[in-house]
Amino acid sequence: MTTFSVPLPPMQQGRVLTVLSIDGGGIRGLIPATILARLEAQLQEKDGPDARIADYFDVIAGTSTGGLIAAMLSAPIKDENDHVEEELSKKRPFTAEHIIQFYLDNGPDIFPQAQADMWHTTKNALKKVWGGPKYDGKFLHKKIDEIIKDVRVADTLSNIAVTAFDVKHQHPVLFNTLEAEREPHKNARLADVCIATSAAPTYLPAHSFKTKDSNGNSHEFELIDGGVAANNPTMVAMSLLTKEMIRLRQKLKHRNVQLVEGDHDVDARNKPTMKYERPGRPGRHGEVPDHELMGETASVDCTTKKNMDKLIEIGKKLLKEPVAKVNVDTGVYETVPGGPTNDKALEKLATKLL
């Protein structure tokens, strides 16, 4: 049985590495959170109630809201009812169900909906003229600080890979556990990393903070959403693992699961997807293209109860759809004849992760 006291074994020759990748999308993070809640429930059925997503993945990667989910899945969080101090390694991360509730409880305050009175109408009009982000981000900053506290990147219970973009130095930045354990200036507060990767341009302000290296030299960051330059957390995670395997001089094998809130296709409609990539079969994966995100569900900041409930329902419907894979000749995703539903595919994955 996998428990918090028995972490995943170290990366070594012959062991298949597991990667979970979560794309961005603001409040649409409810969709992958719903799917992850189902996977976690299946793991708990097979491996006990203490099972958490972080117990089964070597790397959890994400950008924007996906980066926030990755951090919450991996951060050692002290339970509100636990008054006994203990080592971070013995604390448990959020469940996926808790993450769903986080969005439902806090989404309306992170992305407050526009009000129709004269003051708010004038204020919003001036923002458009003067520029600047749509939201001030103060509530998001406060809430993330409250739940993540002083946990640092190197403290996470699974290796994370979270992207951001430095607007001052004009280059992408990757915060990850593997490097944070070796390089102090990359071992930032996890709360700062979450705020930075969530700072989508035009929606939330850039986030600035400093770290220090082993010599005491200061490193300054001014960061926004990593999706600006690194919008594919799967590739980020695989690049990171490849470098690590080269460093350790070992051959890389992997099993990757990618959760995507929406892809932009030729007719500009968004499609939530689930992808499964297997070792030795790059580019072959399942996708569910039938439930298209349009109108309010396509918005990254529509936090009405009606829309948030609809996003959760989309996630649940995706689980009932049959697995699909890409036609390599046309590039179109097609249902696998006689294939299982995504829920059954997740159940099979849960068994393989044990």
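Cβ coordinates are placed from backbone N, Cα and C, and glycine is handled just like the others.
Copied over from TrEMBL, here are the features:
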- Ser64: active site, nucleophile (ACT_SITE)
- Asp225: active site, proton acceptor (ACT_SITE)
- 20-238: domain 'PNPLA' (DOMAIN)
- 269-291: region 'Disordered' (REGION)
- 24-29: motif 'GXGXXG' (MOTIF)
- 62-66: motif 'GXSXG' (MOTIF)
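Across the fold, the C-alpha of the residue listed as 'active site, nucleophile' and the C-alpha of the residue listed as 'active site, proton acceptor' stand 5 Å from each other. Packing against the motif 'GXGXXG' (24-29) from elsewhere in the chain are residues 62-69, 99, 103, 107, 111, 200, 203, 225, 227, 231, 261-262, 272, 293, 297, 299-303, 307-308, 311: each is 6 or more residues past its ends and has a CB under 8 Å from a CB in it. Counted with DSSP, the motif 'GXSXG' (62-66) comes out as 2 helix, 1 strand, 2 coil.
Across all of the domain 'PNPLA' (20-238), the predicted model scores a mean pLDDT of 89.
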